[in-house]
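Please read through the structure below; I'll follow up with questions.
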Amino acid sequence: MISTLQPPRSLSHFRSNPTLLLRYTSLKPLSSLSSQPVTHSTITDQSQSPNPPSHSQILFTRHSLLSRHLTATQLAESFLTRLRLNEPLLRSFLHVSDSVLAQARELDEKIQRNEELGPLAGVLVAIKDNICTAEMPSTAGSRVLEGYTPPYDATAVRKIKELGGIVVGKTNLDEFGMGSTTEASAYQVTANPWDISRVPGGSSGGSAAAVSARQCMVSLGSDTGGSVRQPASFCGVVGLKPTYGRVSRFGLMAYASSLDVIGCFGTSVADAGILLHAISGHDRLDATSSKREVPDFSAQFVSMNLLESKPLKGLRIGLIRETLDDGVDTGVTSAVRTAALHLEELGCCVTEVSLPSFSLGLPAYYILASSESSSNLSRYDGVRYGNQVAADELNSQYMDSRAKGFGSEVKRRILTGTYALSAGYYDAYYKRAQQVRTVIQKSFKTALDEHDILISPAAPSAAYKIGEKKNDPLAMYAGDIMTVNVNLAGLPALVLPCGFVDGGPAGLPVGLQMIGAAFDEGKLLKVAHIFEQTLQNCRFVPPLIADEVA
């Protein structure tokens, strides 16, 4: 049992702030999502329920609007003010919409007319810049797409808008999602709100930093090998990677099509779950999207006041042994073992489980992802897609357009993938990586047949210094060891902050990764929500904005 292990360090870097908790928990009339993913009737008034889930900015926003305590314009102005104040330090956004206040005023007029509101009415959502948005640039963080504005919205973005959400802007990323620090963006380097000398993670570092710094309420990212979960860990927010096929990929600029998923960031598990519910469901424009019914995720968000003394009694949790081996910082290991002890206190049966194939995932992932990227990015040649460089003949135009349009990391992965797919090497690399992928899928299935969920660190370390690994790509790749296997298996995973390690002005957050069976996001959300509600003496608000939200 995990409880026989020596308890690690305390998680008391931040004491809970009663004023902050009161702000979210003293609400009376609130709302809840039903099982229909994209209709305006998905939220019904819960004014009879005195115990809604706490800490949800989405539900707080809805209550504030319906009760007329705040207007959508006031909410939008407060977030935009914070965005403008902190953006010179963080550089989370590549583009900020100039229509946010106009949309908020339109919403206020609808409220005055007592018109029906969508479930995400007034919610400010940031979108990673490799997800297409009409009337807004979508560059994927690359010069090859500089100035490009798509003629359509990605399906996930369209659903958010249909449900009343307001897109506040496009967030920074590693070029085409290839990187783990957001330093590989062609435009700017994003800083971590917990310590602006450190990276926010990647590739969805802009989306994670924006949510952490409360520049928006929630955000969308993409996850090919951990690009939602690792930044969530580094920035102290919740990051949710759904099962492959749960969310349509239509409008997501392809990196590795068999691995890419659109994921969600929020400051609470409830917000991440509500956002996932909004964007989930089958899409005829994406042949890989699942036709499975989208369950009512909000049913998992029970108030702490209604929890039993052992709310997770009987739940079987496996702590992946290979994720606590050498190479993982002692502070991270300590925080994760403390989290395991907390789960035991909640009634879970926590045991260590071995996944012998776990270490094989990293090389297999980089072969498969690079191979798929070399195919997917061939379209950016300056003729079909991408900015064109003038040249005297076609081959020179292709070469110059790609040479000037792509950054060094993208070129490295294209070359790696092209080599792995080349005649004479296909069987040795690509085919063998696919075989390893099958082994990993089977090992996860075996482990999840015996356990309800699996847990591990989200990354082997907390956020490191900007520039520390920029010139050592292998060291950066090694940081993905905790997350890539989940993508290879196509499983859902959720990361939420569980503690701190020393570093920065107020400590650095550590994320706990929870992995579930395919299409079992509901169970992950339930366990994570209870964990979040019962975690004591931790306040995951970065020092950059701590005084503002106190």
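First residue shown is number 1, and so on along the chain.
Glycine too: its Cβ is placed from the backbone N, Cα and C atoms.
Feature table excerpt (TrEMBL):
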ACT_SITE  Lys128  active site, charge relay system
ACT_SITE  Ser203  active site, charge relay system
ACT_SITE  Ser227  active site, acyl-ester intermediate
COMPBIAS  36-45  compositional bias 'Polar residues'
COMPBIAS  46-56  compositional bias 'Low complexity'
REGION    32-56  region 'Disordered'
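Help me understand the surroundings of these features in the structure.
Sequence-distant contacts of Lys128 (active site, charge relay system), defined as residues of its own chain at least six apart whose C-beta falls under 8 angstroms from its C-beta, comprise Lys170, Thr171, Leu173, Ser204, Gly206, Ser207, Ser219, Leu220, Gly221, Ser222.
Counting only residues at least six positions away in the same chain, the Cβ atoms of Gly141, Leu173, Asp174, Gly177, Met178, Gly179, Ser180, Thr182, Ala184, Gly221, Ser222, Thr224, Ser227, Pro231 sit under 8 Å from the Cβ of Ser203 (active site, charge relay system).
Every protein chain considered, the tally of other Cβ atoms within 10 Å of the Cβ of Ser227 (active site, acyl-ester intermediate) stands at 36.
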